[in-house]
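S.K.: Take a look at the following structure, please.
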């Protein structure tokens, strides 16, 4: 087992927490125990993940006399909304969960985001743990405290910054993850290489085949390096007033793709892959990187089996959807672009005709 | 104008904020201006308050080129729920409010709590200002960062701790406040005297008639001393891990009354008044204060025109409703009791038969 510590204050304390990464660690409840104020937890999962891992986690906790309440949500991004959130509140209140009752998210990004937001807001905040079971959640969404839900007018528009007490990444859970979801997770892994870690980017180019083939050693190393990158970014800028925005490479386009196609049609990671290639194309037109760099990026995503061409939603529709982005400032869309391979930058000065040209030239046929 | 500073960090900084108290200060937009990141705000009010003060505030801001979006909610505690919250999100998103758009709550406690929670969660947090227009909001709910909504199973069950950037208390707004609501506010003013400020308690006993008669000088002094007390409590314990719980004197009973009677039937302050007298009766039975003290408390509330007898919901129903309280720990109800006049204490050791006797003897006829 490997452990990374996310230090949110300059001194270790309540606001620091561990990310444990290892095989079969779901069955090691001691990773939770010392951080539980009460021997009572609610475990929130969905109809796909619960049959696979809920009982394993509950019985491990039960051996230490921790009583657990299972709450099972419908599966899918389209359920990451106010109605599903309310199902969680209903269950927590019906069972009289208290301020000392911890809430554990057992599932992918949707479960983690919903659960984290419920934990942030139930009784104005209760202890929260992440047990991510998808690659995407393990390398990205479970670390850093972003929680929230979607709104018909945009993704993640409602939420809170709320840090977990611990993140437990059990790589065994990836055995049951469909290939398509595995690849979606790899999209976010590649992101860390592109925005801030050129050595990791090169390592990925060498090991992408092994990663896609689920080589255990390569997988753990990819998760570990992703979490280290994520932790460093979050430590430096917990609330996205600066550098944290760079994690959104490909996400402004990606969110427009997810929203425009209807939530759930494209997986988040797929939209980020196609969105990152659009961002790379835009970076080239802004004279930041060159066409060889763009090709290198496209190649890496292609080898990961991810979509390299964004859907043609029409330029006007893209601009409209991107205008809903949380990063918009004074009506200006702020783009995360690549200054060079392994270094991202936020730019608010993209000319609208350059954006239009990129969308016209680089999205799929209508 | 008087200004009290709430200092949430040991050094003044982003997390400190002023409470301005004065006459006609709604028209002094400079109190907002330096704290607005963008010259754009959304003002959230309700159908009762908006016709009285919305245009005054909007035109004052407009003179400084601040563009404002009015959002008008239905009036009443029964609307402090997820549906109304969603109306706010809808409006903010439809008008593309951004992370730099500030949100101003113009109204009483319901508007303030709803608006604060919307501000805490819209785009994971936007700047927030309180302009309380009821006495209760001015002396209590607008200060301290508690925000939230009700759930059918309990009051304020969903929410966040989220501090405003400034609180602007314009005493002119009390001119339009109905007497019943004014008295409800006085219930919370009396609370500060009872839990931590014996000198203020004596001052109130001398000045209660003037306060009820809306004497301007007495009113400002009562608001100022209440805000000072509230600020001190919140500074010492922002997230209610300790002393802040004392502010809930009468509230465990009070919330049960509000919930049991149906939200909106009893005003919050009315329920707190009757609830505080129950807490005083329980304190006497716990041998903390004596019957003369209880009489003194009852007298003060009576002079303020507040209900001194809680409704008879039945002992079992009270216990059930109080079991939903956020302060419940390990299934035990924690009561805020009076150790002596001017000093409250949290007790988890109230015998259930003593609670039952108090409820049987001190609530109204069935």
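Note: Cβ is positioned from N, Cα and C throughout, glycine not excepted.
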S.K.: Look at the Zn(2+) binding annotation in TrEMBL, where A:188, A:268 are given, and name the residue from A:251, A:287 listed for that site too.
M.R.: A:251
S.K.: Going along the chain, which residues six or more apart from residue A:109 (NAD(+) binding site) have their CB under 8 A from its CB?
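M.R.: The list for residue A:109 (NAD(+) binding site) reads A:132, A:134, A:136, A:137, A:140, A:141, A:142, A:268, given in order along the sequence.
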S.K.: If you count the C-beta atoms lying within 10 Å of each candidate's C-beta, which of the binding-site residues A:75, A:78, A:188 ends up with the smallest number?
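M.R.: Sparsest of the binding-site residues A:75, A:78, A:188 by Cβ contacts within 10 Å: A:78.
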S.K.: Which residue among the binding-site residues A:134, A:173 has the fewest other Cβ atoms within 10 Å of its Cβ, if you could check?
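M.R.: Each of the binding-site residues A:134, A:173 was scored by Cβ atoms within 10 Å; lowest is A:173.
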S.K.: Once A:188, A:251, A:268 are set aside, which residues in the chain still have Cβ within 8 Å of the Cβ centroid of the Zn(2+) site?
M.R.: A:136, A:140, A:187, A:191, A:250, A:254, A:269, A:271, A:272
S.K.: Rounded to a whole number, how many Å is the Cα of residue A:78 (NAD(+) binding site) away from the Cα of residue A:251 (Zn(2+) binding site)?
M.R.: 18
S.K.: For the domain '3-dehydroquinate synthase C-terminal' (A:185-328), jot down how many residues DSSP puts in helix, in strand and in coil.
M.R.: 104 helix, 3 strand, 37 coil
S.K.: If you draw a 10 Å sphere around the Cβ of residue A:268 (Zn(2+) binding site), how many other Cβ atoms fall inside it, taking every protein chain shown into account?
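M.R.: Result for residue A:268 (Zn(2+) binding site): 28 neighbouring Cβ atoms inside 10 Å.
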S.K.: Rank aside, I only need the closest one: which of the binding-site residues A:75, A:112, A:173, A:176 has its C-alpha nearest to that of residue A:251 (Zn(2+) binding site)?
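M.R.: Result: the closest of the binding-site residues to residue A:251 (Zn(2+) binding site) is A:112.
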S.K.: List the residues of the same chain that sit at least 6 positions away from residue A:176 (NAD(+) binding site) in sequence and have their Cβ under 8 Å from its Cβ, in sequence order, or write 'none'.
M.R.: A:52
